[in-house]
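Asker: Quick one: structure below, then a few questions.
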Amino acid sequence: MSAPAVSQGRNVVVIGTQWGDEGKGKIVDWLTDHAQGVVRFQGGHNAGHTLIIGGKKTILRLIPSGIMRDGVACYIGNGVVLSPEALFKEIDELESAGVQVQNRLRISEATNLILPYHVAIDKAREAKRGAAKIGTTGRGIGPAYEDKVARRGLRVQDLFDPAYFAERLRENLDFHNFVLTQYLNHPALDFQQTLDEMLSYAGRLAPMVTDVSAELFAANAAGKNLMFEGAQGTLLDIDHGTYPFVTSSNCVAGNAAAGAGVGPGQLHYILGITKAYCTRVGSGPFPSELYDADNPARQDPIGVRLANVGKEFGSVTGRPRRTGWLDAAALRRAIQINGVSGLCMTKLDVLDGLETLKLCVGYMLDGKQIDILPRGSDAVARCQPIYEEFPGWNTSTFGLKEWDALPQTAQAYLKRVEEVAGIPIAMISTGPDRDETILLRHPYKD
């Protein structure tokens, strides 16, 4: 037997290094000028990627950001959990705006489905937790991953065998209805209604369903470049994030291999996205936090300014994001976990006009100084940030496209981030439009 073909294309993984919302969508869109395919490998429609193209705003939740580039193939890998209802809503919105989707989107047959009972359980659990809620989006992501790990999940491929799907659905619904009615005080879901709804999606899904793993291998062997688009961020990773205030999937670069069905040797460059400051949505520790709309004790004027100027509201939930200074110690943890090759800093322009900037370079934890984010949310919550201060700049960086055009103080700040992080900054985003970007090192070329 001959050996498998060696990958001829170059592949880039784009991941968030913070708590999500780093601006990955715009960067993926920008880089797909050099890619022929973009792959989602984890998460569901709980992640919103916002793109501004020609002044027009588009929010993508499930479909890869490459869909906004003509001719780019888009893939949903086996590591994603898929809501057909949410998918078709997104497809219809895009196609009504003139974007071709269904003939360019490929969905892994092994992708697990989000069913109505997953959504019901997600919402009912959060309501029951009250003040101790995790801060899920209530879209069924977590319960769908639970079923996957428990080996009772239903996959896309199961929709094409109605008898088998009905049998498995009845078993699952018996289990989940017991949880809903006996523990979560929620009405039971109807079997026939759920079955009819799910099977109604099969016909429209069928042309898009394929062996994504095999298609990606073939594309690479033919010399095509691929982009693996992460959702959420490293600090929300189920294993490496501030557990239990995390999402339900692995958001780190290594999961691009498992979640898309490619070998780890096919991940050639890891681009880590970080804002010039930090944000977080929902509950959980945040050492460099300045502002939380729901916490009267966290109302620092600079944090409020970051939220307002940066328009920090969740693209999916609409919830106000908490804001704080850039945390380089947390960034260092993310770089190590992901094996980041280069950084892209986004929203630098939001810092314009600040008299003084602060950069968290470490923490005091239980009387000891540490220089990397610790494991576990309890330890993170006890961290007191150690800051370095930098002079700000009064001139605008918005829309700049060359390094030399940046103010000297902005350059000094960025160089210090590089020093503390230990890796180079490859790109700087200076605005929401795809062209408002400073390129220092090209992930597909350097």
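Yeah, the Cβs are placed from backbone N, Cα and C, and that goes for glycine too.
For 20-26, 48-50, Arg321, 347-349, 429-431, the entry in Swiss-Prot reads GTP binding site. Annotation source Swiss-Prot lists IMP binding site at Asp21, Glu22, Gly23, Lys24, Asn46, Ala47, Gly48, His49, Thr137, Arg151, Gln232, Thr247, Arg319. Swiss-Prot lists Asp21, Gly48 with the feature Mg(2+) binding site. The annotation active site, proton acceptor is assigned in Swiss-Prot to Asp21 on the grounds of sequence analysis. Residues or ranges marked as active site, proton donor in Swiss-Prot (evidence: sequence analysis): His49. Per Swiss-Prot, substrate binding site is recorded for Ser315, Val316, Thr317, Gly318, Arg319, Pro320, Arg321.
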Asker: According to DSSP, which of helix, strand or coil covers Leu348 (GTP binding site)?
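Answerer: Where Leu348 (GTP binding site) sits, the three-state DSSP reduction gives helix.
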Asker: Quick check: of the binding-site residues listed here (Gly318, Pro320, Arg321, Leu348, Thr430), which one has the Cα closest to that of Asp21 (IMP binding site)?
Answerer: Arg321
Asker: I need the CA-to-CA distance for Lys26 (GTP binding site) versus Gly318 (substrate binding site), whole Å please.
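Answerer: Checking the Cα atoms of Lys26 (GTP binding site) and Gly318 (substrate binding site) gives a distance of 19 Å.
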Asker: Taking the binding-site residues one at a time (Gly20, Gly23, Gly318, Pro320), which has its Cβ surrounded by the most other Cβ atoms within 10 Å?
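Answerer: Result of the Cβ crowding comparison: Gly20.
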Asker: What's the CA-CA gap between Leu348 (GTP binding site) and Asn46 (IMP binding site) in angstrom, rounded?
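Answerer: Just about 26 Å between their Cα atoms.
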Asker: Taking 10 A as the limit, how many CB atoms besides its own sit near the CB of Arg321 (substrate binding site)?
Answerer: 23
Asker: Report the nearest neighbour of Gln232 (IMP binding site) in space among the binding-site residues Gly23, Pro320, Thr430, comparing Cα positions.
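Answerer: Ranked by Cα distance from Gln232 (IMP binding site), first place goes to Gly23.
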Asker: Can you tell me the three-state DSSP label for Pro320 (substrate binding site)?
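Answerer: Its secondary structure by DSSP: strand.
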Asker: Using a 10 angstroms cut-off on Cβ to Cβ distances, just flag whichever of Lys26, Arg319 is the loneliest among these binding-site residues.
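Answerer: Output over binding-site residues Lys26, Arg319: least Cβ neighbours within 10 Å is Arg319.
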